[in-house]
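Data first, discussion second: the structure below is written as structure tokens.
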Protein chains: 4
Amino acid sequence: MNFKEIIQETYQKVKNIDDNGQLASYIPELANVNSDNFGIHISTIDQINFGQGNCYDKFSIQSISKVLSLCLAYRILGEKIWDRIGVEPSGTAFNSLVQLEVDNGIPRNPFINAGAIVISDILLSNLKNPKEDFLAFVRNISNNSEINYSRKIAESEKSIGFRNVALCNFIKSFGNIDNEPSKVLDFYFDLCSLEMNCKELSELFLFLANNGNTIKNPNSILTKSQSKRVNALLQTCGFYDESGEFAFKVGLPGKSGVGGGIIAIHPNQYVIAVWSPKLNKKGNSYKGVKFLEEFTTKTQLSIF
Amino acid sequence: MNFKEIIQETYQKVKNIDDNGQLASYIPELANVNSDNFGIHISTIDQINFGQGNCYDKFSIQSISKVLSLCLAYRILGEKIWDRIGVEPSGTAFNSLVQLEVDNGIPRNPFINAGAIVISDILLSNLKNPKEDFLAFVRNISNNSEINYSRKIAESEKSIGFRNVALCNFIKSFGNIDNEPSKVLDFYFDLCSLEMNCKELSELFLFLANNGNTIKNPNSILTKSQSKRVNALLQTCGFYDESGEFAFKVGLPGKSGVGGGIIAIHPNQYVIAVWSPKLNKKGNSYKGVKFLEEFTTKTQLSIF
Amino acid sequence: MNFKEIIQETYQKVKNIDDNGQLASYIPELANVNSDNFGIHISTIDQINFGQGNCYDKFSIQSISKVLSLCLAYRILGEKIWDRIGVEPSGTAFNSLVQLEVDNGIPRNPFINAGAIVISDILLSNLKNPKEDFLAFVRNISNNSEINYSRKIAESEKSIGFRNVALCNFIKSFGNIDNEPSKVLDFYFDLCSLEMNCKELSELFLFLANNGNTIKNPNSILTKSQSKRVNALLQTCGFYDESGEFAFKVGLPGKSGVGGGIIAIHPNQYVIAVWSPKLNKKGNSYKGVKFLEEFTTKTQLSIF
Amino acid sequence: MNFKEIIQETYQKVKNIDDNGQLASYIPELANVNSDNFGIHISTIDQINFGQGNCYDKFSIQSISKVLSLCLAYRILGEKIWDRIGVEPSGTAFNSLVQLEVDNGIPRNPFINAGAIVISDILLSNLKNPKEDFLAFVRNISNNSEINYSRKIAESEKSIGFRNVALCNFIKSFGNIDNEPSKVLDFYFDLCSLEMNCKELSELFLFLANNGNTIKNPNSILTKSQSKRVNALLQTCGFYDESGEFAFKVGLPGKSGVGGGIIAIHPNQYVIAVWSPKLNKKGNSYKGVKFLEEFTTKTQLSIF
């Protein structure tokens, strides 16, 4: 059975299960999404592309953008980046503040909010026109000039982002933020507001399945070693407090966002993107995780 | 360059670096080991076997035995085992007690002490002659009847194991230990006292690189799915609070013990065992980790 | 209005309020008590004695005995005792284990379980016949040879005391327990099993209202300074995570037990003992706290 | 021996001890103070006033002002204030953020920063001209129109107050801050910048020793019950993580500030203010605490 058939079959099966998830409600704008949306798209390094369901509808990729900002910062600073940020899973959200205290303001990894805020600070210090340059970086990888920020989502998040303001100022109190917190957060909220569809996501992230190189317009985004390391981080830290379970059940590095999107990467093979807006208790797409479990079980492929 | 050459070269290089590690001192007997010992052994599914240095000297495998007790319990109970134990990385040791409190006595994963104690309790309830049966399980996989517990090490650990007594009783207070704590711990300390050399370790664990099946005496230890899941757990939780970094730098699932041993598994390829007694700050073999970093860099193979 | 009238009036008022509390259920024997019991007794340094309700019925004083074991240990060791135990409120029970970790096995104060276990260890090392000598100490202060341990309660607590076994072994792992944990706990559970009635309690503790001296059979139990310090500790730490609220609403040093008893001390004036078995959410007698609030409001006396 | 003699004697004794404390360095302006300053002033309800040393030199009272803002808010809102703030000691600073998380943004008490920030928010919502009205409240109690904020100190604190910005936004994320964080903090930093000398402090706080009433210009600031409750809070929560020890060694309710000032209140008797800028490890004036220990030992007066 090939990818196409497995995706079609799994799509039908998961589409009809009871969705016990909940729409993300903490950002007002995110709650306005139709919760029935369900899309999948795969892109392989052999140039197979196949989508199903709402795979051409754009949604807010939210935390998935943290992978992109990490890649850009890693590309610029190299291994020096790890002086300011760790590579260990963080345990519960609850631990996040405690561990910042214990670790003197060094976030545990780049995918928790604290870590992504430090990455935003690094980019702010190293890019001439941070917002424009970051967008150019993303558009260039994907060869797609239509990718953009969503003003509405960014504003919605800013209006209630007190916890992120707290985090940023807390880290700054330890000296691990160089710029003004309000500027760092303004940039951070914009990064999180990127909108894409499943097709764009699976194409965009293909460089992580290809040792750091894009395929369509050959271009080295990361070195082979950096690409492997980003995947390792995605494996251990990509799904908040469900990272262990995702590795256990799906067996691929990946990243989720509260908009209901998930990307999963099979090194040397493919990237698959899934979108379904309702989230499970750990904050990851309920149907998205279910789909990927079924998918890797059926393909009998996982990195383990 | 083949495995043999890479191992020889890396062995020489790492042998001569300054070893900043410290011998484990909390178990009196472990402190009596010659800290210059350094051994490596690889076993591939293609039946290549190669060793270097002290690869035939036995040492205390300590926490590496937690993989074996997990496999036996998993084989017996199947997925029900996860009702009593989680699959998430635990963060710092510091968090261990707090998280037991928050999670009502369910340890975060089977490789922290709390988790391995629950596994011991499960085996105690499910084996007729726990100590003999477990040993038979291990000897059978490895086709090696000389593997044994060390009375001396077990006694040494019992004499100072107050923290583990605390853990076991704490978990029991939540109802997640069925047997008497003193019996659970007696079994647990024995499990940790297993002695093997690098050659025996790499041969023994080859079934985890081979989808759950032994090679020399064909025998299914775990199903393919179970084998993949154990590897996923080893990737996210095998190195205490250094699991993220090991995934990041080495890129293979693995497990370490305070005796200075490490096993690393490349699914569908090989198992490599390393031994050097001095430990880094996170409690993992200093030279062992260094060796594996170099080794996977040179082979350019990692699962990511 | 005098004490007698205020007690009678307050007794009637509080007797009839809805009791939202719950019987302590974690010790099987404690759940067998009639939850309607409600007794009060006051003893003043002017030799006024007055009781109401079930003031002559004995009950399990539980943690109130921690004040007695502290006083005996303090009398024996003097200020050296504070090398092994702190004098700060502990915050939530939740924090207890974490703070033992942070503070290297030094409990925050002598009234949390961890602290009382260390006190038991101190007495075990310093008394010839610990159980007999402690009982003699208590009987001597109160001039009452009928005070005794309850075998039934002690056994009941031992049968489910896994959490205290955990605490004791955890502290031992830091080196702050000298004796064998099983012996320390055997003694500790006996101490907690003392049975008295309100009359006996208010008479017994009168020395803390009298600068360390008994009244009926003149006898110095503690120095004036020690007596003041014990009262200060009772004020800041006597009611677990409700200590602040008790100081705030009642304004007297005191101590509660899960058997539903409370003593409160007005230095230079009186001791009052209250008993009502149902406990509020923080584990203190629901009606007992209500009674004392009303009582100090009506007498317009508090130390503040 | 009377107060005057005891103060003189104790002043000489403590003046000459080795001061192991450290100047507060986190606020740049505070580090500019001459660390040899040492002043004491007592005011009794019998109208005895006596000072020694630098008792007429003004200093930054810092957290001592938290008592004043609490009193004003308590006076305005009455017991409703406790819906938004607790009355329990907080344990370590470390616990502060964790407990806000556990307690859904309700600070443990009004004297930790989190609590004082909520009090500032309450005042901001209830005063017409917050800064002017608060100053008028303080000047009115003390009948002293020269008390004022220090622009320099407030600015200095604002420039490095990231941790307080974090706290305020974190609490706001739970909904327990009504106003804009930047306005709340601007007011908060001003409150902390009040400058007074020991004489002014002991006179100002005399109402807390006098059941809520001023003496010189008769005026009810708080009810008797409120005054007792504020004293109870000062006893259990006035000295951060040294509150238990202060109760234990000094035996009086009180409050310290990082400027090196301390006030201590003996209900129905006196208020004493001490100032010496170097702080002990818990952040309280090293000589100030020593002086008060000696003073209450010599007077043989404490509330216990």
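In case you wondered, yes, glycine gets a Cβ from its N, Cα and C as well.
TrEMBL does not curate its annotations; it predicts them automatically.
Per TrEMBL, the features are:
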- A:Ser63, A:Asn113, A:Glu157, A:Asn164, A:Tyr188, A:Tyr240, A:Val258: substrate binding site (BINDING)
Secondary structure at A:Val258 (substrate binding site), reduced by DSSP to three states: coil
Most crowded position, judged by CB atoms within 10 A, among A:Ser63, A:Asn113 as binding-site residues: A:Ser63
Residues that sit under 8 angstroms from A:Glu157 (substrate binding site) by C-beta distance, when 6+ apart in the chain: A:Ile27, A:Glu29, A:Phe189, A:Cys192, A:Ser193
Largest separation between Cα atoms (Å) of residues that the record links to substrate, namely A:Ser63, A:Asn113, A:Glu157, A:Asn164, A:Tyr188, A:Tyr240, A:Val258: 20
Residue, out of the binding-site residues A:Tyr188, A:Tyr240, whose Cβ gathers the largest set of other Cβ atoms within 10 Å: A:Tyr188
List of residues, in chain order, with Cβ under 8 A from that of A:Asn164 (substrate binding site) and at least 6 apart: A:Asn113, A:Ile117, A:Leu185, A:Tyr188, A:Phe189
Cβ contacts of A:Val258 (substrate binding site) (under 8 Å, same chain, 6 or more positions away): A:Ala24, A:Tyr26, A:Ile27, A:Leu30, A:Gln62, A:Ser63, A:Leu279, A:Gly283
